[in-house]
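Residues or ranges marked as transmembrane segment in TrEMBL: 21-38, 58-81, 93-115, 135-158, 165-184, 196-220.
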Amino acid sequence: MASYRNTMRFMWKDSYKALRIFLAVLLLVDIGLLVFQVNWPHLVDNHSNNFYSSNYGAIGIFTLVSGLLTATVTFPLMLSLGSTRKNYIAGALSYGVLSSAGLALFQTLVAHGGTAILEGLGKLSESAPTPFLTLWYTQFTIYLLIFLLFTLLGTIFYRYGTVPGLITIAGFLFILFFTANAPGGTDYTDKDISSWGFLLAAHYLLALCVLVAALLWLIIRKAAVRTY
């Protein structure tokens, strides 16, 4: 248990500064967009209740980079410092869950806080965002899946080399293409997120996270520790 706590402490110290800077920059951008939405709405090419939509992509990119670094940098570093593979995978999964939950909470607070400000100023022209818990839960499952998928990708590159890694990327792109071209694949709005069908999809994403985590453990438990 003490070793697990040390692992978690190391991972949080390793990522805390980057996470803090990222959220600070994102919050400043959101405040700027809110000011523009209130004073110069014609300059903001977005709906008044969706000025925060750029956060989704930014958080997604931050999460995937975190996953890649967790696999390719944190893994060999932690094992070279005496951590076990079991503690590493437990720490990585715990970090993924906690960071995804925190990022989803940040995004949900921005969405509802910004909407409340716009509504108070009489600038809200469309419906309010998705209910708080629904928006948080769907974002949490998406960010966690992104983190785990790219941790898996980094692990495949680390253990098996370039060609298997590129094949995995091709598989990711195929799945993304298939999803985007499915009926209604990427045409979701905040209103859609509150529907039962999309909530059910979030449950499936959570189940997929469990499968990816299991696959990650199967690969990492026999991966040799090496440096570049």
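A Cβ is built for glycine as well, from the same backbone N, Cα and C atoms used for every other residue.
What you are looking at is a predicted structure, and each value in this text was computed from that prediction instead of being measured.
Taking every recorded stretch in 58-81, 93-115, 135-158, 196-220 and counting its Cβ pairs under 8 Å to the transmembrane segment (21-38), the highest total belongs to 93-115.
Residues of the same chain lying 6 or more positions beyond the ends of the transmembrane segment (196-220) and with a Cβ under 8 Å from any Cβ of it are 75, 85, 88-89, 92-93, 134, 137-138, 141-142, 144-145, 148-149, 151-152, 155-156, 159, 188.
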